[in-house]
Each structure stands twice: as C-alpha cells, then as structure tokens.
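Peer 1: Dropping a structure here in structure tokens format, bear with me for questions.
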Amino acid sequence: MNTVKKRILSGITPSGDGSLHIGNYLGAVRQFVELSKNNECFLFVADIHALTTIQRKDELRANIETLILNELALLGDLSNIIFFRQSDVPMHTELQTILNNITPLGLIKRAHAYKDKLEKGVEEEEVNMGLFSYPVLMAADILMYKPDLVPVGRDQKQHIEITRDIAERFNRTFKSKIFPLPEPYIPEEAAVIMGTDGKRKMSKSLGNFISIFEDEAVIKKQVMSTYTDPTRKHVTDPGHIEGNMVFNYLDFFTEKEEVMMYKEKYRQGKVADVEVKNYLFESLMKYFAPARMRYEELKNSPDSVKKIIQTGAERAREVAEKTINEVRATIGLTNKYSF
Ligand code: TYM
C-alpha cells in the first residue's frame, strides 16, 4: 500500500451565523476528515475573509466562536490536523500583498464572487477591495502551506484554478519553483449539495439548509420542509426518487440496503412522505450524534478549545514563516543587511 503522506489544506469562512450545514459537511469537511486519517492536514477558520461581508464586531466574534466549535466537533480526532485561525498567522496577508503584484486585474475580474455581486446589482464602485481581492488572499492561504490537495465544494473550484494561475506566474516571474500547483479535491457525488428547496445549491444565505448542531426541533422542521415529489398527491400515488431531496440526502447518511427498501416502497406508493422524512431525521440524528456530543463538551470547556487554537497557531506559523522567508529571498527583499 502506498503510504506517502500528502499535505491537505482547507478553510471555511465564518459567514452567515458561523454554523455549518450538511452541504458544508458533505462538500468539504467529510473529505477532509477522511483524508486526515493518513495525511498531514491543515484546516483553518478563514476569519479575515469574513470581513468582506461582516463588519459588525459582535457578529464576527460570535461567528468565529461558533465555527470553531462546529469544526472541532466534526473533526473529532485531531492527531494529524493542524487547526488554526487565519488571523493568528499574519503571514497570510503579507503573502497576499506580495501576490497582488503578479496578479493581473483581468484574472480577478473574472472571479465568480465578484461577478455575482455585479450581477446582483451591486455597483462596481460599491464592491469593497477585500471582496475583490478575495481570490488573492485565498491563493496566499493555500500556497503558504504548499498542499497537494485542497478538498472543497465545486463553488470553490475557480478559486483553486486562480491559485494555480498565480503560483505559475510567481514561479515564472521569479524563476523559482517555490510553489507547487495545488489540486482541488472534489468528489463528483458531493461537488454541489442541493438545498432543501431542490432548486439551488444549499447555502445559508438562501435559507435552504439543514443544520448539524441546532436543536432537534429546528432540524426536524428543516427536514420536514424538504422538497420531495410535487406530482405526488396521495400516499398511494407512485413517487419519484430522482430530484427528490429527501432521498438525495438519505443516500449519504444511511445504509444502502435500507434506503433501497424505502425507495422501492416510495416508487410503489407504499410509504408516506412524512415517514421518509422521519427516517431522514432519525438518520441524521444518529449520524451526527458523536459530533453533537463533542460539540456540547467543547462548548463547556473553553480552555481546552483555546489550547487547541493556540497550538494550531504556533504550528501553522512555523510553516508560514518558512514559506514567507523563502518568498522574501526569492523576490529580493532579503539583502546583506537583513537579519
Ligand atoms: P465556504 O465557507 O463558503 O464553504 C466551506 C466549504 O463548504 C463547501 N460548500 C459546499 N459544498 C457542496 N455543496 C454545497 N451546497 C456547499 N456549500 C458550501 C465549500 O465549497 C467550501 O469547501 N473561500 C472559502 C474558504 C477559504 C478556503 C481557503 C478554502 C478561504 N481560504 C483556502 C480552501 C482553501 C469559502 O468561503 O468557503
């Protein structure tokens, strides 16, 4: 068996209210947890990225705290994971500033996040520079750790492509080989998790999500409002599985044989929507039970969380310092008076 360890890196922004939904889990965190079993992993809270949209201090603070607990609870075993906050490693922004100089405006103008804003009617003059240069900060986040793989959902794919482009330009401009080109890691079946409305990508801002750490009653409500088969009026009507979000989620969270049985019954009109939804709710509760328990434990032990964050920051800084020193030397900032 091939045991060469790869370096894995990913980040999550504490946007919305900072909590994670099953789209984040299936799209990114699950792959990260799987990869962390045999590889060296870096996972960070992209708190500086959140400033592009969150500019109320209490909100940002609460979001960061929530996301830290959510992520740690889902990760569980941290033995191969360096978990840290982006703002604890100031080299990210130094590298961003350096990379800004080799990044053409045109490349960033084509970025989705920026284009989406314009399409939503936001005036170009109103877009803040943080949002505009977001892909460059993300490139710095990634290149700093020279990862092999970056597990993310498909919505981040373009950002990884921009990162590769920036890395190539840097290497070419400075005739160096400092930055290896990172690969996105996006398994097809979880590339885009659709929302409970069955129409758009699951996202906090669209309100079409299923939470992981909310109270059971809230999650139950989210499950009960999930889109199924609009053509089915009575329990005895044969139902459709394709495009039915309840079955879509069940495929991820239940035993294959059991869900096959439910699918068969549904097709034959032998099981009610509410029964299948209850089954999904129970399955989610079972699947996430260990993480939900860890979440409560972590919430009640702020000192141990602080310790994890502190250790993570120290270890991430060590790697970041090495990279930034290499970069400084490569571009000519290091000279005979450097110390
Ligand atoms: P963020 O915080 O929006 O999302 C976190 C991760 O969840 C994935 N995701 C989804 N995947 C599939 N289906 C969905 N419906 C879905 N919704 C969210 C996202 O693709 C992402 O992987 N810019 C990043 C954070 C970041 C980062 C980085 C990631 C900053 N620097 C460096 C990797 C490497 C973001 O805002 O993700």
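Glycine too: its Cβ is placed from the backbone N, Cα and C atoms.
Nobody curates TrEMBL annotations by hand; they come from automatic prediction.
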Peer 1: Among Ile162, Ile193, Ile212, which is the one TrEMBL gives for the ATP site where Thr13, Pro14, Ser15, Gly23, Asn24, Gly153, Arg154, Asp155, Lys201, Met202, Ser203, Lys204, Ser205 also bind?
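Peer 2: For the ATP site that includes Thr13, Pro14, Ser15, Gly23, Asn24, Gly153, Arg154, Asp155, Lys201, Met202, Ser203, Lys204, Ser205, TrEMBL also lists Ile193.
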Peer 1: For a quick check of understanding: given the listed ATP-binding residues Thr13, Pro14, Ser15, Gly23, Asn24, Gly153, Arg154, Asp155, Ile193, Lys201, Met202, Ser203, Lys204, Ser205, what is the maximum Cα-Cα distance in angstrom, as an integer?
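Peer 2: Roughly 19 Å, rounded to the nearest whole number.
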Peer 1: Could you list, ordered by sequence, which of these binding-site residues: Asp141, Ile193, Met202, Lys204, have a Cβ under 6 Å from ligand 1?
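Peer 2: With ligand 1 as the reference and 6 Å as the Cβ limit, the list reads Asp141, Ile193, Met202.
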Peer 1: Quick test of the contact rule: Cβ under 8 Å, at least six residues beyond the ends. What residues does that give for the motif ''KMSKS' region' (201-205)?
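Peer 2: Apart from its flanks, the motif ''KMSKS' region' (201-205) reaches 15-17, 19, 21-23, 155, 192-195.
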Peer 1: Of the binding-site residues Thr13, Arg154, Met202, which one has its Cα closest to the Cα of Asp141 (L-tryptophan binding site)?
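Peer 2: Looking at Cα distances from Asp141 (L-tryptophan binding site), the smallest one goes to Thr13.
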Peer 1: Counting across all protein chains present, how many other Cβ atoms fall within 10 Å of the Cβ of Asp141 (L-tryptophan binding site)?
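Peer 2: The Cβ of Asp141 (L-tryptophan binding site) has 27 Cβ neighbours within 10 Å.
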Peer 1: Near the Cβ of Arg154 (ATP binding site), how many other Cβ atoms are there if near means within 10 Å?
Peer 2: 15
Peer 1: Going by DSSP assignments with H, G and I as helix and E and B as strand, what are the residue counts for the motif ''KMSKS' region' (201-205)?
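Peer 2: Split into helix, strand and coil, the motif ''KMSKS' region' (201-205) gives 2 helix, 1 strand, 2 coil.
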